[in-house]
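Quick notes on the structure that follows.
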Amino acid sequence: MNRRRHCSAECDSPPSPPPLPGQHVQDHFEVSDEVYNIIPLDNLSADHPCRRLPDVQASIAALGAVGDLPRPPFLPWKPEYDLLDWLGFHFGFQSSNVKNQREHLVLHLSNAQMRLFLPPDNIGSVHPSIIRHFCHSLMENYYNWCSYLDINPNVCLSVTDSAISSVDQRGILYVSLYLLIWGESANLRFVPECICYIFHHMAMELNKILEDYTDEYTGMPFLSSVYGENAFLDEIVKPIYDTMKAEVDKSRNGTAPHSMWRNYDDINEYFWSRRCFKELKWPIDIGSTFFMTCSKGKKVGKTGFVEQRSFWNIFRCFHKLWIMLILFIQAAVIVAWEEEHPWEALKSVKVQVQCLTVFFSWSTMSFLKSLLDVAMQYSLVLREMKWLGVKMVLKIVVSAGWIVVFGIFYGRIWDQRSSDGRWSPEVNRRMVNFLEVALVFMAPELLVLVLFILPCVGNFLEHTNWRIFRLLSWWFQGRTFVGRGLKEGFTNSMKYIIFWVFVLGTKFSYSYFLQIKPMVESTKTLLHAKNVNYEWHEFFKHSNQIVLGLLWLPVVCIYMMDLQIWFSIYSSFLGSIIGLFDHLGEIRNIQHLRFRFQYLASAIQFNLMPGEQLLNASGTHPTPSKLKAALYRLKLRCGLRKPFKKLESNQEYTYKFAMIWNEIIMTFREEDIVSDREVELLELPERYWDIRVIQWPCVFLCNEVILALRRAKELFDAPDKRLWSKISKNEYMRCAVIEVYDSVKHLLLTIIKYDTQEHSIVKTFFQEIDQWVHMEKFTKRYKVTSLGKIYEQVVHLLNLVLKPTKDVDEVVNALQALYVAAIQDFTKEHRDIHQLRDAGLAPRTTVSRAGFLFEKAVQLPSPDDIFYQHVRRLHTILTSKDSILKIPENHEARRRISFFSNSLFMNIPQASSTEKMMAFSVLTPYYDEEVLYSEEQLQNVNEDGISILYYLQTIYPDEWRNFVERMCWEGMVSETELWRTRLRDLRLWASYRGQTLARTARGMMYYKRALKMLAFLDSASEMDIVEVSQQLRSMRLSIDGLSSEMSTSVYEHWIAMKFTHVISCQLYGTQKAEKDPRAEDILNLLEENEALRVAYIDEVSKGMAENEYYSVLVKYDQNLQREVEIYRIKLPGDPLKLGEGKPENQNHAIIFTRGDAVQTIDMNQDNYFEEALKMRNLLEEFKHNHGIRKPTVLGIREHIFTGAVSAPAQFMCAQETSFVTLGQRIMANPLKIRMHYGHPDVLDRFWFLTRGGISKGSRVLNINEDIFAGFNCTLRGGNITHHEYIQFGKGRDVALNQISVFEAKIASGSGEQLLSRDVYRLGNRLDFFRMLSFFYTSVGFFFNACMIVYAFYAFWWGQLYLALSGFESSMKSGEADQNAALLSILSQEFVIGLGLFNALPMIVESIVENGLITSVWEFIITQLQLSSLFYTFSLGTRAHYFGRTLLHGGAKYRATGRGFDVQHKSFAECYRLYARSHFVKAIELGLIIAVYSLYSPVVGSSFVYMALTLASWFLVVSWILSPFIFNPLSFEWLKTVNDFHEFINWIWHRGSVLEKAEQSWEKWWYEEQDHLRTTSIWGKVTEILISLRFFFFHYGMVYKLGIAAGSKSIAVYLLSWIYVVVAVGVYAISTYTYIKYSVKAHIYYRLVQILIFVFGIVGIIALRMLTSFKILDVFICLLAFVPAGWGFISITLVLRPFLQKLMIWESVVSFARVYEMMFGVIVMSPVAVLSWMPGIQYMQTRILFNEAFNRGVQLSHILAGKMPKADFDTP
């Protein structure tokens, strides 16, 4: 990676003179004072709106209050310098760091001052409470660190009335010093206690400077030890950075064992003991052992914990869980052994005594835990931690002692029983003695139980420094800085206790009655089985016990993992209940919204408008009580009030609601998910005419007038009151009737000239109607049945008015017809011309003198008048018959409207005003993904002939039509302009439908747009709102697009102080230097988004292989019209070389974020304007306690927007949706164990920046970086919540290969988690029930996936043993009860089928949010799409990579790609990806089942055989065929043939060292086994032992050969290897002759082949004549020796370091190539058969793209590569 930029100008210039000591020097790249980030603080003459704010002025004044502080020597002091400059000069901080933290501090103090409920007495100063509170929150971790080490903090803030200003100044100095240290610490930000150590000593020096200390050696005023240009970076940060880098270099890019090098946690935990003060000292002693990294000599090694790779970690981390499970199964077997009910069996004294043996098991497992601690942590003892060694030895002695004590007391019970011959009172007394001993053994657990009931006491004792409690903590848990005080409140604890009581009760009941009890009965039968005739040589006696072990093994595996299933079941139903109580899914579609829409305005006013606007009449506290808020929400949800009447009387509320709603619809239009017509149907119009009711969206009023006319016709003779009551029952019908009446009246009065008699006639006519309506005699006066005729005439008139070319004469004729219908036909009483003239309803003059009526009275407005918008609305209300279920047409638009509307009726905190809201930032890490799709990318076609643009046009046809319509509205004449003048719009349209940075940036910029609108509405008057609304509608603009100087521009400075978006583009400097198009695209994003900032790492070459690194922040300056550099902070080295890429990328940019909160957003995420409106509400959650703590992480739900691309994408979407909704919902409450999963959570920024950052970055170990931030948060006493009233978009992988790579990354990362100290501490320090929740929601999920797969294999290898050994045959010929016993054992396989319950959370969540019928239908459809195959395949992926990583390592970041990867993948590519994880394992399992079918007598019973093998065959089929079922065009014959040829070429292509795995099988083969080279010795041994199973298969099969003639001698097995030798010899001869003679002397090669064939035939004939050889033996030999050969290859791979230098290695590679080809042919065979069958390809396409078919996508063109000619030409 090259980020270098050469500074030739600097190299050519003469060197500058050295700076004066302590001089504050600019870096090599000058940053102009005219350039600023948010507020211009360095330019005193700058006139910026923010600087005019009193709160900002007060903050600047507070920083500028230097007063009489001692000035730094050797440097002239300037009046404009402030406290941060003073600190920078004294302690050698970089000037850019000082500038950055100055703005950081000013913004924070200003925002905090704004949030004060009452303004300070002195408006020009910062309120003292703000400084003290900020100092306390920022120093909280430092205070805890000092308390833990029992040292006094060096922060002195004692408050007296006479020294308040001094305290404020000191407080600002302390927080400034901490922020300056943090801002320049680079990678040290991952080690927060190291920063505490540095701050502790620098604060001490600061105190000495402030107190005018005199240096005892020089007699001069005290100077800090860190002084001069870049002194802090060079003398403090760089030595520690260099040590970290040296340690990382020892990791060999993460392949070395974690125990061999120090990671970030080891460096940090070095500062958890007071030895850091003794060894490091201050100033830092570079000669300290801390800085020694060589392998020899005394040095500081691993600290606090050693990450050792072992399967035993699962027991060591969660030993309490396994102790519970083992103790229960032991007790259950003891009780079940008695042929009674358990409650009766427990009455037996004998059973009671036997149950006491559980204490042996308990103490034995404690002893095992102690041994494991020694085995894995012994290296800590060798490195200056002798007391840890003492503790380990004592632990082993004590646990072993308990085993001895229990043995003695237990033996005394049976001795007394033998002596007395009965269960005498003396025996009972000895039982009591045993229980007394057991009570002492359990005393620590009882103490834990007491502290669990009293959490406040427990938390206090864990934090106290009393020696007795420190000793107890050291003994039982190990004293660490983190992991203390983790207990929850009593109420929260009871919630998850009750949950787990139900789960455990169900699990243990099921296990006892349906697993253990039947197995015990069968075991007793099999133990007494006699005359078992084994058909092979027996090495051991008592083989029945071996059989029992094999039969119990899968049952125990299922017993150990099925708690995961019960947890899934209970959590699904409980999560759904919680979701229902949270009011999720109440508004699921537009039909539901129609019923609630009339209450939506009040909901918006109540939730989105600040509480200050809701003062009651008495002017009490602005925020209503929780009870009042709950009652108000109840009224809104249940419709117990009519808020629309309130809106009719309060126009301000109406305008606010309309403005928000219309802006939402406008964003939909900008995103092209609604059309212009749908905008008119959905928007709320401005009050152009004086309409007496709320003008609801047209979509809710369609058909209402027609229905009202029908109702009027039915009740033509009913009185007015009855008719109107019928109409008024439907609010929308009532409003529609009134609006149509008022609109027709104003329409007529508008198009008829004002000073004409026709105008007077129309006005009089409506006045007469109003009078009769008021008198409730309308139906008596007028013919209601004639309304239909008037309706037709009005519609005809509207059609004429809306015609593009208007004919006034036609309008006159329509008005005349309408006049006749209204005057003559409408009234019940006929009136002559004189009566009409008297009533003012006819002209006074005759027609001959004045012309025809309306002939000269019509005047239509100009075409661009807003009048026509309202006429179109009236026409739509009268004529539209669109179903509201189809409006809008776009599914995403309907979903977003429904979710937003529903969320406003949920329990959502009330918002603060924009001025008083918490400030926040969004941080997005970016590497080199797509920013915008380029023109070339849009045009280029893939191998199937499809371009990205055509694909998007086909997948999103409605959105493409809307886009073209929008372009036409903006002036486009022809679609050919899209490739010329509208190319950027085209690129943006395509990019907004992919997973691009542009989409993410647009979504995050909705925050600014939403805040701008909310800030305006917070204080705008009715006239302001009307003015802005009119401009928005007339110019078709959004709130962000106002060009005039209107009221909204006043709030721009508030928004800049409240929100900023920082994208960490680490390669941006390189991309600019290389003219990468992505750099230009990023610059365009900066230009278009004023609140956007880009941070990147700049590498500057200094010559002589020396480079300097800088963190740089840039923005686009709208005044200068170019990119400008804001900050440039020098780094100690390359920050990306120490840890994982993403956390390092986040870490370098986090110093440029602002605000109290930071939201973590990945670059494949999206945001929505309507959701951004609720951000103020979400931030209020930080102010409320959730349990006993305030939250530090606000979890947010996600919407997966890639679910419609393909069937795998849809399945992945359902899986992810259930996790980010139901799963995280129940994890947060009641389980209190939700972690941070990266995105889009909102974090308490200052809490995290003082505790290690928003992610962890150790190489490989923290590959799942985000969740470690959750671990760290929980261990440090944070609180993580989850909120579902707000959502963000998230893109996921869309093709099976991408999904599998992603799941491999997650599973591998989970394997690494089990090695980490975080998981170990959480497993040991959480209370028992939270520990259960933590296990089954994190690593336990992946471990149990392994257990399911292992159970399959354990079961079938056991069944194979039964079949090949002859045990089954013996049992089958025995007694009937023995047969029943065998079938009872076999039925345990049904338990494996319970794995299908893993899909239950998805089903339940879908029911909650989409309804029962919809969810059932979707479930049926997904099953028809073979979703079960997909989830079973994913199970294999998780199991393989988790197990392999846990045993051998090999975890790494796997890039999945985020494009539309739905094209056909070749067979070779699928084989490379799935050969080891799925194909080979499926072939092995299928072979076992097939052989079992040949030799098992159970096969005779078809029902038993099907029940036994159905799930297993399903797994085999899934693992082999899923990669092809979910791969487009896999069953097209020509594709299959081409794929096979490509696979064969890949297999035989030897290639070179430089070739990639995609080109050479051998290269791929070596890479696939790399983990075996770096694994530990125990990993190698385990792998060899596992591989021996293939030789057992060989052993069992040879005794089935006819040539064995029934012999059971061991010689049969030994002689069978002759076949192996012959086969190998034949293969070697064939290979040798092929290489030597196939080209130059082909005749010799053919001769050798003939000889081999002849000798083979002769050999077979001889064997047939001389022995009992059968022709079938040839095939049995193949079945026997092929697995043995694979076992041999597997073992040689483990021994590769020893064998690779020998000549035999080439033969191993050759044999492996043959096996790989054989596996490929086996996998390809069913694919070829299906490709040959007609109709299969169509069925596959239908399955794979079912959702797309339903949306009318032309997939036949896409999949066949027949892209039709585009509607517009490309250049």
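Note that Cβ sites are derived from N, Cα and C of the backbone, with glycine treated the same way.
Keep in mind that this is a model prediction, so the values were computed, not measured.
The annotation region 'Disordered' is assigned in TrEMBL to 1-22.
Taken from TrEMBL, the feature domain '1,3-beta-glucan synthase component FKS1-like' applies to 169-285.
If you look up TrEMBL, you'll see 317-337 (among others) marked as transmembrane segment.
Look at TrEMBL and you will find 393-414 (among others) tagged as transmembrane segment. Listed by sequence, the residues of this chain that lie at least six past the ends of the transmembrane segment (393-414) yet keep a Cβ under 8 A from its Cβ atoms are 353, 356-357, 359-360, 363-364, 366-367, 369-371, 373-374, 427, 430-431, 433-434, 437-438, 441.
Long-range contacts of the transmembrane segment (434-461) within its own chain (CB-CB distance under 8 A, at least 6 residues past either end) are made by residues 356, 359, 362-363, 402, 405-406, 409-410, 412-413, 469, 476, 484-490, 493, 1188, 1327. According to TrEMBL, the feature transmembrane segment maps to 434-461 (among others).
What TrEMBL lists as transmembrane segment is 496-514 (among others). Among residues of the same chain six or more beyond the transmembrane segment (496-514), those with a C-beta under 8 A of the stretch's C-beta atoms are 328-329, 332, 335-336, 342, 559, 562-563, 566-567, 570, 574, 1230-1232, 1329-1330, 1332-1333, 1391.
The annotation transmembrane segment is assigned in TrEMBL to 546-567 (among others).
Under 8 Å from some Cβ of the transmembrane segment (1334-1358) lie the Cβ atoms of residues 314, 318, 321, 550-551, 553-554, 557-558, 560-561, 563-564, 567, 1223, 1227, 1231, 1233, 1235, 1267, 1307, 1310-1311, 1313-1314, 1319, 1322-1323, 1326, 1388-1389, 1392, 1395, 1435-1436, 1438-1439, 1442-1443, 1481, 1484-1485, 1488-1489, 1492, 1512, 1515, 1589, 1592, all in the same chain and six or more residues away from its ends. According to TrEMBL, the transmembrane segment annotation covers 1334-1358 (among others).
The transmembrane segment annotation in TrEMBL covers 1378-1400 (among others).
Taken from TrEMBL, the feature transmembrane segment covers 1478-1495 (among others).
The transmembrane segment annotation in TrEMBL covers 1502-1526 (among others).
For the transmembrane segment (1610-1635), same-chain residues at least 6 beyond its ends with a Cβ under 8 Å from one of its own Cβ atoms are 537, 1594-1595, 1598-1599, 1601, 1604, 1644-1645, 1648-1649, 1652, 1656, 1677, 1680-1681, 1684-1685, 1707, 1710-1711, 1714. Feature annotation from TrEMBL assigns transmembrane segment to 1610-1635 (among others).
What TrEMBL records for 1674-1695 (among others) is transmembrane segment. Within its own chain, the transmembrane segment (1674-1695) is flanked in space by residues 1484, 1487, 1491, 1569, 1572, 1580, 1583-1584, 1587-1591, 1593-1594, 1597-1598, 1600-1601, 1616, 1619-1620, 1623, 1660, 1708, 1711-1712, 1715, 1718, which lie at least six positions past its ends and keep a Cβ under 8 Å from the stretch.
Non-local neighbours of the transmembrane segment (1715-1733) in the same chain are 1467, 1471, 1475, 1479-1480, 1483, 1520-1521, 1524, 1530-1533, 1535-1536, 1539-1540, 1543-1544, 1547, 1561, 1565, 1682, 1685-1686, 1689; each lies 6+ residues outside the stretch with a CB under 8 Å from one of its CB atoms. Marked as transmembrane segment by TrEMBL: 1715-1733 (among others).
Helix, strand and coil counts from DSSP across the domain '1,3-beta-glucan synthase component FKS1-like' (169-285) read 76 helix, 2 strand, 39 coil. Here the domain '1,3-beta-glucan synthase component FKS1-like' (169-285) has a mean pLDDT of 88 out of 100.
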